[in-house]
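Features as listed in Swiss-Prot:
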| type | residues | note |
| --- | --- | --- |
| TOPO_DOM | 1-61 | topological domain 'Extracellular' |
| TRANSMEM | 62-82 | transmembrane segment |
| TOPO_DOM | 83-121 | topological domain 'Cytoplasmic' |
| TRANSMEM | 122-144 | transmembrane segment |
| TOPO_DOM | 145-158 | topological domain 'Extracellular' |
| TRANSMEM | 159-179 | transmembrane segment |
| TOPO_DOM | 180-195 | topological domain 'Cytoplasmic' |
| TRANSMEM | 196-216 | transmembrane segment |
| TOPO_DOM | 217-294 | topological domain 'Extracellular' |
| TRANSMEM | 295-315 | transmembrane segment |
| TOPO_DOM | 316-343 | topological domain 'Cytoplasmic' |
| TRANSMEM | 344-364 | transmembrane segment |
| TOPO_DOM | 365-373 | topological domain 'Extracellular' |
| TRANSMEM | 374-394 | transmembrane segment |
| TOPO_DOM | 395-454 | topological domain 'Cytoplasmic' |
| TRANSMEM | 455-475 | transmembrane segment |
| ACT_SITE | His469 | active site |
| TRANSMEM | 476-496 | transmembrane segment |
| TOPO_DOM | 497-507 | topological domain 'Cytoplasmic' |
| TRANSMEM | 508-528 | transmembrane segment |
| TOPO_DOM | 529-548 | topological domain 'Extracellular' |
| TRANSMEM | 549-569 | transmembrane segment |
| TOPO_DOM | 570-582 | topological domain 'Cytoplasmic' |
Amino acid sequence: MVIPRYHLIPTNCILSYHIKMSYLTDILKLFSLETLDTRLYPSSNTAKKQSIIKQANPKSRWSTIEFKFYYLVFLIIVPLMFKAGMESANENNPNYPKYEHLLSNGWIFGRKVDNSDQQYRFFRNNFPLLCLLIIIHVGLRRVINRIIPLSSKRTYFDFIFGIIFLIGAHGVNVLKLSIHLLINYLIGKYIKNYKLSLWITWIYGISSLFFNEWYGNYTLGLSFLSTGYTGIIPRWDVFYNFTLLRMISFNFDYLERQQKLNNMTLPKEESNGSLLNLDDRERLTAPLPIEDYNIFNYISYLTYTPLFIAGPILTFNDYIYQSNYQQSSSTKDYHRIMMYLIRFIFCLLTLEFILHFMYVVAASKTKSWEGNLPFQISMLGMFNLNIIWLKLLIPWRLFRLWSLLDGIDPPENMIRCMDNNFSALAFWRAWHRSYNRWIIRYIYLPMGGGGKYRILNSLLVFSFVAIWHDIELKLLMWGWLVVLFLIPEISVTMIFKKYRNQWWYRHLCGVGAVINIWMMMIANLVGFCLGTDGMWKLLHDLFKTFDGVRFLIISSGALFVGAQIMFEIRESEMRKGINVRC
């Protein structure tokens, strides 16, 4: 009798294989889109989900010979990138004495840490204090909810804790902030003309940014504003920009709701629609009773502590709906929250590793790249960009984690790794996603959206984005240049879209992606890392030295491979019915 060959495979080998596959599945799930935000789940609308699935290639390419070659490229190139990044700025680099003074004592293997970035240093140094505040806030909420049945009106707790937090954070400067809050509230509530009220809201909001920039230290003739306690964070105006977004959201949501009610012919008690089981999009225009748009809820929303410092940005309607009507089921799924916590810790440790082994921020601050090879200079810049991404991602995820633990689910801000981008247009959808959603709702769509005025509307959007970030001419120019860079991508996409079913289309897109990535890297390296001096040196070395030309060719090939992997990641998501358009 012939025994089938598979009977000869030991049972323990099969079991070991299944365990390994189970671990791999868990790791892939941990880093999936769905782990980040339930908003990124496949659509509950069956027709919409099937429409997305039909757009994807039904056959996966992950096991093809082509992609096995790509895996080999990854195994070679990625370690070399880390090696070059370390060599470009560590203690063995000849330029080390130029930036050694910017380094601090670290905690990993007795190494120094590059804590020279001012923004992240503030967060990193105050991280234990923030964790303590989270424990106090979440713990106090749960204790009080057990003692006093406030679960139906969470805003009571938010109002009291928010005021106390604000005084502790900004001290007497709370008075300056309060003036802005009150003026905005009066504009929204007491100017009855819908369009006029919206225009004045926008004019006052943008004017307040300029006023704070030019006269931020005003005292209103009150001596205690200059001599009194100014809190843990004396620069109250630094966080005002996020508060302004919430101020505009309240006025817009209130005026929109009032307008709808005025146009209705139903009795008042019948004019409120259903408030049951609204999804994230429906919550943006939730049919709240007009009485909910009051000064108490306004202050509770603006001072909601987990999201006050830097967001993510939640609209007024969404906040009130989740607070007083129906909490999102995601805030009760503690397994998902634990997965989110693990992913946060992974990102935190990743940044700590980079800061301990690659002193690229300090090197770029002192322009210490003399003698480095083109590959090393480019990795110095690339890891700088990764640090910028991580230093924003980590606070945003901590604040969102805090909010989830507290029972409110705001949108996830960063849904793609910075290195997982090949399109400038898609990049802006994935970067600071809650801000992008806010802009679409309150600026882009009211101005007409993506119709015949798409370019003009985009100019308006990026002008506001630039002013909101900081009032500098170079940022305004940056905003306009972004729109200029988007035009070729939009045009080429429209021209070649009809060929998407051709065998060569994916490879042509790969070439376009390489050009796009180079353009985005150059623009961001100039603006945030190397400056014009470093960029000119890199470009000179790329095109006028043998090592540079060789690196340009090899790196472009590696970027092409990376782009193909990015394409297939998105195809895999679409096969599950997920299309986040970035």
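A Cβ is built for glycine as well, from the same backbone N, Cα and C atoms used for every other residue.
These figures come from a predicted structure and were not determined experimentally.
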The topological domain 'Cytoplasmic' (316-343): DSSP-derived helix, strand, coil residue counts: 23 helix, 0 strand, 5 coil
For His469 (active site): intrachain residues, at least 6 apart, with Cβ closer than 8 Å: Asn241, Leu475
Stretch among 122-144, 196-216, 344-364, 374-394, 455-475 sharing the most Cβ pairs under 8 Å with the transmembrane segment (508-528): 374-394
Intrachain residues whose Cβ lies under 8 Å of the transmembrane segment (295-315), provided they are six or more past its termini: 133-134, 137, 155-156, 158-159, 161-163, 165-166, 181, 185, 239, 242-243, 245-247, 249-250, 253, 283-284, 323, 395-396, 399-400, 402-403, 406, 408, 410-413, 433-435, 437-438, 441
Helix, strand and coil counts within the topological domain 'Cytoplasmic' (83-121) (DSSP): 17 helix, 4 strand, 18 coil
Any contact, the transmembrane segment (549-569) to the transmembrane segment (159-179), with at least 3 Cβ pairs under 8 A: no
DSSP helix/strand/coil residue counts for the topological domain 'Cytoplasmic' (395-454): 32 helix, 0 strand, 28 coil
Any contact, the transmembrane segment (196-216) to the transmembrane segment (476-496), with at least 3 Cβ pairs under 8 A: no
Assigned element (helix, strand, coil) containing His469 (active site), judged by DSSP: helix
